[in-house]
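As recorded in Swiss-Prot:
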| type | residues | note |
| --- | --- | --- |
| BINDING | 17, 18, 19, 20, 21, 22, 23, 24 | ATP binding site |
| BINDING | 19, 20, 21, 22, 23, 24 | substrate binding site |
| REGION | 42-45 | region 'Interaction with substrate tRNA' |
| SITE | 108 | site 'Interaction with substrate tRNA' |
| SITE | 130 | site 'Interaction with substrate tRNA' |
| REGION | 166-170 | region 'Interaction with substrate tRNA' |
| REGION | 251-256 | region 'Interaction with substrate tRNA' |
| REGION | 284-291 | region 'Interaction with substrate tRNA' |
């Protein structure tokens, strides 16, 4: 599916939206019409054994249409935006070679931005540096490392909470490996490549005209997860000695709140309320990211015919009936 520098870029439809916006329903509706394969743009779906809390597509749904970048790593491991970009570009080519159509679908805007805008030249993770920072944090606490970060990269430190261990560690790691603040490197021009330039990524954004409707859906979905055994799922993960609350996987919305409940730090009602609140905050951030995409095509995800509208829009994108 790659194009030569002189040819017109190949259009790739990207179905984007916040949690509970109906992405799965729209993608499955398209699969009933066309031979598509779905490439997930979701940083939570990459983890194995995290099915209920991530609202992972069911076995039946995945049997109806091939899904990619789901269940690809263990919860103890990490998966970067750079890895996503490389995997997504590879999959787009492989799907096209099979005579099928790739549909990118999800709500992790960091992944989408890396795919469509390129990458910053940040150093890759270094296990030795991370182990040293972990040891420092165990001795002095993350607020002390946050103070250390403020001395070398005040701009990054200012936007991070003193206990945001994952991001503090990464910012210090970048400085130690590169000698430059992360804020400076992130402000530099992004590195693109010819492979991504062969594609025209068209974002179809599922956005709510009434956010209260989406908030109600989020509460209903979280309650359904609890009824489906979400707490038991987290308990099984907790029993693993290699997992802890500061891992990226266990920081996913819902999992952190369930872990706190199982630790006895909160009661069930508080856990539920905090989980719903955290999901709504994630939704708010996702919508903010979407609205920063001037080229997006908006579909009202709370309209009664939202799935039909999304399907019609996706088909027009794939048929190239939209202006370039």
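Keep in mind that glycine also has a Cβ here, set from the backbone N, Cα and C atoms.
Cβ-based crowding with a 10 Å cutoff singles out 21 as the top-ranked of the recorded positions 19, 21, 24, 108.
The residues near the ATP site, meaning same-chain residues not in 17, 18, 19, 20, 21, 22, 23, 24 whose C-beta sits within 8 angstroms of the mean position of the site's C-beta atoms, are 107, 206, 301, in sequence order.
Across the region 'Interaction with substrate tRNA' (166-170), DSSP classifies residues as 5 helix, 0 strand, 0 coil. Sequence-distant contacts of the region 'Interaction with substrate tRNA' (42-45) (same chain, six or more residues past either end, CB-CB distance under 8 Å): 53-54, 56, 69-71, 79, 84, 106-108, 110-111, 248-249, 252-253. When Cβ-Cβ distances below 8 Å are used as the criterion, the region 'Interaction with substrate tRNA' (166-170) is approached by residues 125, 130, 133-134, 137, 142, 145-146, 149, 157, 160, 182, 246, 248, 251 of the same chain, each at least six residues removed from its ends. Look at residue 23 (ATP binding site): DSSP puts it in a helix.
Here the C-alpha separation of residue 22 (ATP binding site) and residue 130 (site 'Interaction with substrate tRNA') works out to 38 Å.
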